[in-house]
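Annotated features in TrEMBL:
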BINDING   463, 466, 502, 505  Zn(2+) 1 binding site
BINDING   472, 475, 490, 493  Zn(2+) 2 binding site
COMPBIAS  17-26  compositional bias 'Basic and acidic residues'
COMPBIAS  27-41  compositional bias 'Low complexity'
COMPBIAS  179-189  compositional bias 'Low complexity'
DOMAIN    54-148  domain 'Primosomal protein N' 3' DNA-binding'
REGION    1-41  region 'Disordered'
REGION    168-213  region 'Disordered'
């Protein structure tokens, strides 16, 4: 990433000499034997080591192929090729070149070099093998995630642009050379003259890539150790930090601006940066901040929603070293950033960071591995801290960077006994009187955010007489209403239930069990006539809203940003987030609430947050952490509780999922091999995956005859390499024997299974 320099006088002389037409020498004049009987030197054999993109575990390894003579100019380590494997033509990547084969048999030749463009860099190749080993997966599966499909038009467009730029540069060099011939840069006394504007003398220090940090205006002035973190990165070091973002900060002080400062610090040390965020709205915010600070040509976006040509163009710019910063979603975690010096991720509790394709790596783990391999700085950022990151902090793998002062809004938990005494039954309404009055007052000063946990109109129904949850008669999924007056429809299989009979009491009438964002917006629109109501949620997510009075109804993760912050926020149906089955339910609830609260003006500016629907007489650490603005305390407590009962991240787990018979066979084989090899692990289960997993949407049939189950494999040392290797070996052996393999997922999301 070095800055371009003007050509020196010696370079100009060489360029002018190279540009002159060469006189053809007579035979023998150069001392080279050019007689007809001189035989050309034969080139040694060239063998390419190729990693074919095969899906079966037992064939996930390298193979040797010969390189035909006509392909030698295009072949290189890291290029994509087509090779013959049995009767198929398979895409593969060249991972090494040899002059002699290690295989003693006859080698097949490479069929075709797809492109001479190197797409697999040494760092990404090493990373792919490390991720596959950690997650007991196929290297080929990791490479599919790391390298997007080639788009020939995108590659041709970049090549044409580069050729045009090179031609223009050559013309400029010739013009400069002619000017240099016409002028004498030697002083009257015979000493060299002063360098031109484009030249730098050897003793002159290079200009820094970015300006020095202005501590008075830096977004990091709000954080203890923040300015020191910037300095260490700018000095070329690799600090590692867990950054809890302070709420109530806007403009350049908001977290995207702080991330841009980190990237600028890495650029000053001549290194690149990679920033991974959950969704496209976050990408746009970080992209805007980085572009404003670093320049548009220094930053590229890389995300799955770009489209094939745009995504491959961004990938090529990264692999060619044209960008200092790559910003993207999960698809960017393997981006081939040149001279990687910084990796940042935002909110690792977001499930979007978990890759849904094998081997199911998590952004957090991939970027941690990248930092280890490259020595890059690492920053885990977010409104809260996950238990996994807290474990790194407590093991001294990360340094905590927290706000030095409280900047957020005041948080009020509605519906307590004092509120009941003051407001009566209205204190326990879905929108309590206290929150209602707070929103009414806040609307005079700006927009008010209303967070609703469930999307849709009425996502869940129940019997009006006995409150039994209404279920689909086909797949037993939840019934809901898409709009007012709509017929109950299953949210899993789409079955329209015209007539429903309660299995408990026989009644046919239904009532709403959960109210979604659509119904909430409808009700608030009637309650606040004349006030604009804006909705933000899938599929129509708003990025920003004007800084004018309005009610903004949003689902978690879809909250738009107000320029100067919301004047208040109402967080509805807290019970719906707290009641979710899953190991990380409390973690996710606190993150959702903290994200919304962080968009509200600080208490000094009159901002307030109302948390509604918290179950009474039950202490919830996540609620306490929100009120106290203490995400660090919550993470410490959460990790300690998991350690007591042996749950991740204190231990590591793997899930074996599949039909009962196959899953049981794999679990038994894992137990047997563990006993034989002395690998300490426990096999737990089976656990049913629930009725939803028994229903096949493609066929519309139930899989009750061989239901899917889950086995959990647990071991105490999260960093031990033996258990993943053992699990991988079992899968490969079954694949070679043509026996059914099951889904193997390490570090699974331990959601409710029923």
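Using the three backbone atoms N, Cα and C, a Cβ is placed for every residue, glycine included.
Please treat TrEMBL annotations as automatic predictions, because they have not gone through curation.
From a predicted model like this one, the values you see are computed outputs, not experimental measurements.
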From binding-site residues 472, 475, 490, 493, the one whose Cα lies nearest residue 505 (Zn(2+) 1 binding site): 472
Neighbouring C-beta atoms (10 Å sphere around the C-beta of residue 475 (Zn(2+) 2 binding site)): 22
Set of same-chain residues at least 6 away whose C-beta sits under 8 angstroms from residue 463 (Zn(2+) 1 binding site): 469, 470, 502, 504, 505, 507, 509, 510, 511
Number of Cβ atoms other than its own within 10 Å, given for residue 466 (Zn(2+) 1 binding site): 12
PLDDT averaged over the residues of the domain 'Primosomal protein N' 3' DNA-binding' (54-148): 96
For residue 472 (Zn(2+) 2 binding site): intrachain residues, at least 6 apart, with Cβ closer than 8 Å: 478, 479, 490, 492, 493, 495, 497
Rounded Cα-Cα span from residue 466 (Zn(2+) 1 binding site) to residue 475 (Zn(2+) 2 binding site), Å: 22
Lowest local Cβ density (other Cβ within 10 Å) among binding-site residues: 493, 502, 505: 505
Other CB atoms within 10 A, centred on residue 490 (Zn(2+) 2 binding site): 21
Structural state of residue 463 (Zn(2+) 1 binding site), classified by DSSP into three states: strand
